[in-house]
Amino acid sequence: MFKFNKAAQQQRIDNRNSAVTGHDPFVRPPVPEKKVRNIMKKLHKANGLKRSNSAIEFDVSALTAANRRQIYSSNRSASSEQDNSDLSEHSEKSPLVSARLDNLARLFFSKSMPAETGSRDTIDSVLTTRPNIKYQYSALDSGNGIVERSPRERAQREKALNATQEWIQGANGRYEVIAHLDEIGSRHGKNWFLVTDASVRTDRLQTLLPLPPDCVAFEDLPPNECAREILMELLGSLHHPYIYPVLDLGFLRNSSYNYACLVTPFNSRGSLKDLIYKAQWNEPWARKYTRKPNGLPVSQVQRLGRQILEALLFLKERGFPLHGHLHSGNVILQNGAARLSGLENGLLGLSSRINAVMWSRSVTEIENVDIVCFGHLLYEMCTGQELTTPKPSMRVLEMELQHYPQIGQTRKQILEILGLIFEPPSGVCPSVEDLVLCDLFRSIDLRELRGPCFSTIKPSLSRSTLNLLQAVKKRQCASLGHSLSEANSPCTPPSTPHDRRTGVLPAPYEVFRMY
C-alpha cells in the first residue's frame, strides 16, 4: 500500500514537470482556487468604479475651453443661426471665427447709432471686440441696463459728442471715441470719453470742459498768441512722479459752444475718493459717493499725504499758481502713488464749484488756500468723513478722532498737523515745507523720487507763458477778495450727491463735500 501511494505521487510529479518546458515564463503552474479568488478581488478593488472628481480636481484648460464654446454659442443671435444653418458644422469646428464675426457686426451696429453711444450694449460690444484691454469696464445702470435720462440731458450729451467728434476730426483722426462715459464727476456740463490714441495704440481719457466767458487763456493773452501752445508748454514742463500729466489739449470756439478738450492717461484705479468709498471709477457721481466711506490705514495716509505735499512743493518751486481745486477727487492713484490732477482748472479760469476755503472768513492770503484744503483732505483720509465746517476747533477734532481706533498711536501727530493748519499758534498758516517736516510725514521713503526719470532741472519758459502765469495769479487773488467781500452773507453748504438727485434742500451745517 505504501509503495502504491508513493508511485502515484511520483506520477503526479512527472505529469507536472511535463507541463512546463524549462524556465519558460509564459507557462506557469496552476494556481490554487483560493489564491485566484484573492487576486481577482484585489483587481476588482483596484480597477473598480472611482468617485467623481470635485471642482478643484477638474482640468482648468478643459473647463476654459468648454466655457468658451458655451459663451460663443450663446452669443450668436437667432437671425445668424437661421441664415447660417448650413454652416453649423463649420461653426462648431471653429467657434473663434464665428464669435469674431458676430462681435464685428455688433461694433458696426453700435457705430451706426451715435445717440446710443453711452448705452450698455455699446460698451459690452467694445469689451468683446477689444480682447487686449487689461481693465474691466462696464456702465453700472439702474437695473434694466438703460440709463434713464431726461430729453434735455440726452440733447446735452449728443451736443457734447458732436463737439468731441469735431475736435477729433481737427486732430487728423489721431483719436477714436470708444464710449461716452457717465457723469463720473460733479462739474456741470463736463463730459468724459474713453478714446484710443492711434499714434501709440493706447486708450486715453478725454474730457470736454465748458469754458467760462472770461477764460484767462483768451482774455489775458494777446490775440496773436496761440493759447493752446502756451498751455501745452506750461503743462508739458510739469514732469513729476506725483503730477498727473495732460497729454493733449485743444479748444472749440464757435457761436453755439465754447469748449476745451483735454486728453489724459487712462487709469482704472480711479481717484482717492473712489478708494475711500470703495467705488468703481466709472460709476455715476450721484450714486457712488452715497455709500458709507472708510478711513485709510495710517501707513497709507502717511505715504499718500507725503506724496501730495511733494506735488504741492514742486508746483511752488516752479512758480505755478495755487492749485485751488485740491480735494480727494483730483488725486489720481496710479501704481500705488498719488498724482495730483486738475491743474488746468486754474489756468483756464474755472471756479471751484465746492471749495471749503471759499466758505471761510479767515483766509486772507492766497498762498494758504491749498494748505487749508490739505487739512480737509488729511481728515478725510483718516476718518473717511468730510469736515462739517471750514475751520473746525481742535476740541471737536479730538473728540471725532477718538471714534477711529485704526489711527492708533499716530493720533497725536495727526492732531498736531490739523492744529497747525486750523488753529496755528502764531496766527500764521504753515507752509508746505513746514508740513513736510512734521513727524507724520518726515520719515516716509519716496521711491519714485529716486528714479532716473525724475529731473530737478527747471525748464525755461517763454515770455508769453510767464505772462499767463501772472494773469492767473491776479485772477485768483481777485476771486479770493470777492469771496471775502461776501463773507457777511450766510454760508449755504453745497449739496451732496443725494440732495442733487432727490431735489431735497440740505439742512444748515450739513456735511458738505469738496469736488
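Any Cβ shown, glycine's included, is placed from N, Cα and C.
Predicted, not measured: the structure shown is a model, and the values here were computed from it.
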Position flagged as phosphoserine [Swiss-Prot], chosen from S79, S88, S119:
S79
If you check Swiss-Prot, which of S54, S299, S328 turns up marked as phosphoserine?
S54
From 1-31, 156-186, which range did Swiss-Prot mark with region 'Disordered'?
1-31
Averaged over the region 'Interaction with Slo' (191-203), what pLDDT does the predicted model reach?
93
Looking only at the region 'Interaction with Slo' (191-203), what are its DSSP counts of helix, strand and coil residues?
0 helix, 9 strand, 4 coil
